[in-house]
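Taken straight from TrEMBL:
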BINDING   L20, N27, K156  xanthine binding site
BINDING   A128, N129, G130, C131, A132  5-phospho-alpha-D-ribose 1-diphosphate binding site
Amino acid sequence: MNFLEEKIVKEGVVKKGNILKVDSFLNHQMDVKLFRQMGEEFKKRFADKPINKILTVEASGIGIACIVAECFDVPVVFAKKSKSVNIDGEVYNAEVESFTHKCKNQVLVSKKFLNPEDHILIIDDFLANGCALQGLISIVSQAGGTVEGIGIAIEKGFQQGGKIIRNLGFQLESLAIVESMDASDGSVVFREQ
Ligand code: G4P
Ligand code: NA
Ligand code: NA
C-alpha cells in the first residue's frame, strides 16, 4: 500500500451507498503534509510534461491543488460552480451533472486565466463518474490549451469515470484506486498499480 492507501485504511470510513468518507484528512479537515506527499508523487508521475498551470474545481479540489501547484511552482486556477445558465462572454463554461447530488451545475473559468499557451495539469480529490473532469477538459479545450495530465487523489474504480477518461487518451494518475468497499465491515480493496 502507498501512503494514501494507508491513510484511507487508517482514517477513511465506508458509508452505505459506496461512499468513502475521508473528511478527517482530505476534504474537510485537511492534512497538508499528506497533500505535499501527493504533490511530490504527481511531480514524479508527470515529470516529462511541460506543465505551467494547475486547474481544479471548487470546493474540495482547491486545497490539494494549491499544494500541488506549490510543488510544480506554477499558478493554480479553480473553476467556479454556478446554478445559473446566464453566462456572459467573459468565461469558458461547461455543464456538469452530479450523479451523487442529482443536479446540474455550470462550471466557469474566466477567459483571463486560460489561454492557448497553457499546458494544464487537472487536479481533483475524487473521480467517480468523471463528469466534473469532462467539464474541466472541455474548458481547457475551449481555451485552446493542452491537458498534459490529470491527477486524482481517490478514484472509485468501480465507477466509469476512470475508464472513460483513459479511453480518451489522457494520462490519468490516481494515487489510490478503490476497487471495492464494504460498509458492513469497513473494508476497502485497492487496485494494484
Ligand atoms: P463525478 O464528478 O466524478 O461525476 O462525480 P459525482 O457526480 O458522482 O460526484 C459528485 C460529488 O461527490 C463530487 O464532489 C465528488 O467529489 C463527490 N464524491 C463522489 N464519491 C464520493 C465518495 O465516495 N466520497 C466522498 N467524500 N465524495 C465523493 P462535488 O460535489 O462535485 O464537489 P465538492 O464541492 O465536494 O468539491
Ligand atoms: Na467532493
Ligand atoms: Na471535488
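Cβ coordinates are placed from backbone N, Cα and C, and glycine is handled just like the others.
All TrEMBL annotations are machine predictions without curation.
Recorded features from TrEMBL, shown on the structure.
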residue: L20; record: xanthine binding site; contacts (Cβ under 8 Å, 6+ apart): I8, G12, V13, V14, I154, K156, V178, M181, V188
residue: N27; record: xanthine binding site; contacts (Cβ under 8 Å, 6+ apart): S60, G63, D125
residue: A128; record: 5-phospho-alpha-D-ribose 1-diphosphate binding site; contacts (Cβ under 8 Å, 6+ apart): F99, T100, K156, Q159, G161
residue: N129; record: 5-phospho-alpha-D-ribose 1-diphosphate binding site; contacts (Cβ under 8 Å, 6+ apart): F99, Q159, Q160, G161
residue: G130; record: 5-phospho-alpha-D-ribose 1-diphosphate binding site; contacts (Cβ under 8 Å, 6+ apart): Q159, Q160, G161, G162, I164, I165
residue: C131; record: 5-phospho-alpha-D-ribose 1-diphosphate binding site; contacts (Cβ under 8 Å, 6+ apart): V96, E97, S98, F99, G161
residue: A132; record: 5-phospho-alpha-D-ribose 1-diphosphate binding site; contacts (Cβ under 8 Å, 6+ apart): V57, V96, S98, V107, D124
DSSP three-state assignment for N129 (5-phospho-alpha-D-ribose 1-diphosphate binding site): coil
Chain-mates of A128, N129, G130, C131, A132 with C-beta within 8 Å of site centroid, 5-phospho-alpha-D-ribose 1-diphosphate: V96, S98, F99, L127, L133, Q134, Q159, G161
Protein Cβ atoms within 10 Å of K156 (xanthine binding site), excluding its own: 23
